[in-house]
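Chemist: Below you will find the structure I want to go over with you.
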Amino acid sequence: MTKTETINLRGPLKGEFEVPGDKSMTHRAIMLSSLAQGQSVITKPLLAEDCLRTMKIFELLGVNFDIKDDKVFVDSPGYQNFKTPHQSLYTGNSGTTTRIMAGLLSGIGIQSVLSGDESIGKRPMNRVIDPLKEMGASITGIENNYTPLVINPSDIQGIDYKMPVASAQVKSAILFASLFSKTASTITEIGITRNHTETMFEHYNIPLKINGNVIQTIPDAITSIKVKDFTVPGDISSAAFFIVAALITPGSDITIHNVGMNSTRSGIIDIVKEMKGNIEIINQTNTSEPTASIRIQYTPDLQPAELSGELITRAIDEIPIVALLCTQANGSSVIKDAEELKFKETNRIETTSDELGLLGFEVHPTDDGFIIHPSKFEHAASVSSYTDHRIGMTLAIASLLSDETLAIRNFDSVNTSFPEFLPLLKSISQKG
């Protein structure tokens, strides 16, 4: 990831469009469709680098994928007939692939090695390794904490696990491993995390018992899996960049269609409402993975906010772009309880404050978030995404607040989740 992108865009932003399919759900659709024996179709998946890494791993296990237009046709021999891979399973920059596949492969008992890029090699894996070992998995990492992860066949047992951190990836790794256990598992969450694994288990006929923050599996749950087609809603994390762009760019009026509105992911909507942003939710569906259209208009009098608790958990991936939004409020804002940002593709507390700070924005880091003061784009300094897709896209949106041209190093990092980001942004800025 070395490309430098020169960006010089003008508002207002106008138009109606969709964003690509949800990354979290695409990963899980690939995994569950591959576990089930037979043929299925995934419609509107995200075909970006992270999800393609997951797909490639299952190809090495014996699953066939055929991509045609906005569909992926899956033909799987089923988990019972997976092949032992004779090469390392490369996860690239995808923490979701690395952590959930660690649980899935441990559950199946396939001898394998999971390795990622340099960024993944710095992200903690003990939060997955430790509970999997408690379940009887034979899994090791460098210093018990880093990739590559070496997995050997073992007999997985159920676990009664109280989550030490609010992490959907850890929860999902345990749930996927528990599919293959002869005994039940019970997982107790300490806070709200995205529940796509649970809703999609239900879609693929895998039984779970959920009571508040307690999730219980049943023995041999994998035997219940059914071949199912799945349509992926638009990714609200990708939509967030355009939501903020319209709110802060004078004259803007956009509508984003078919956006996933899962309540565990829709924190960005509540944040915008708290800041009195001009946002309207229309055409909402009432399904296990609801969708809606979102209309956003420029809002010159955004209110400051104090953001913490479950609202942060429900918008954790959107915090960098929320930080930019807060710079345009008419008072100082505070973001707390966001320690998890330290364990993303970069330490996003540092990279968000550093890179926006270089442009003149007053985004001051704290141990668990930011203190943000009203501020302007002062000058086009040399900035970098540091190979973090969400930092790269946040900086691109920041450029709308300046007449200067902005050069962003390592901008090709956006390809991990949103290859069409810049062309789409350019297309709606040209409609002004």
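Cβ coordinates come from backbone N, Cα and C, glycine included.
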Chemist: Suppose a student reads Swiss-Prot and sees Lys23, Ser24, Arg28, Ser167, Gln169, Asp317 listed for 3-phosphoshikimate. Which of Lys56, Lys68, Lys133, Lys344 should they find annotated at that same site?
Modeler: Lys344
Chemist: Taking only C-alpha atoms and a 10 A limit, tell me which of Ser24, Arg28, Ser167 are near Arg348 (phosphoenolpyruvate binding site). These are the binding-site residues.
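Modeler: None, since no candidate lies within 10 Å.
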Chemist: How big is the gap, in Å, between the Cα of Arg123 (phosphoenolpyruvate binding site) and that of Lys344 (3-phosphoshikimate binding site), rounded to a whole number?
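Modeler: Counting only the Cα atoms, the answer is 7 Å.
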Chemist: Cα distance, Ser24 (3-phosphoshikimate binding site) to Arg390 (phosphoenolpyruvate binding site), nearest Å?
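Modeler: Cα-Cα, rounded: 15 Å.
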Chemist: Among all protein chains shown, how many Cβ atoms are found within 10 Å of the Cβ of Arg390 (phosphoenolpyruvate binding site), not counting that one?
Modeler: 29
Chemist: List nothing but the largest Cα to Cα distance in Å, as a whole number, among the residues Lys23, Ser24, Arg28, Ser167, Gln169, Asp317, Lys344 that the record says bind 3-phosphoshikimate.
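Modeler: Taking every pair of listed residues, the largest Cα separation comes to 19 Å.
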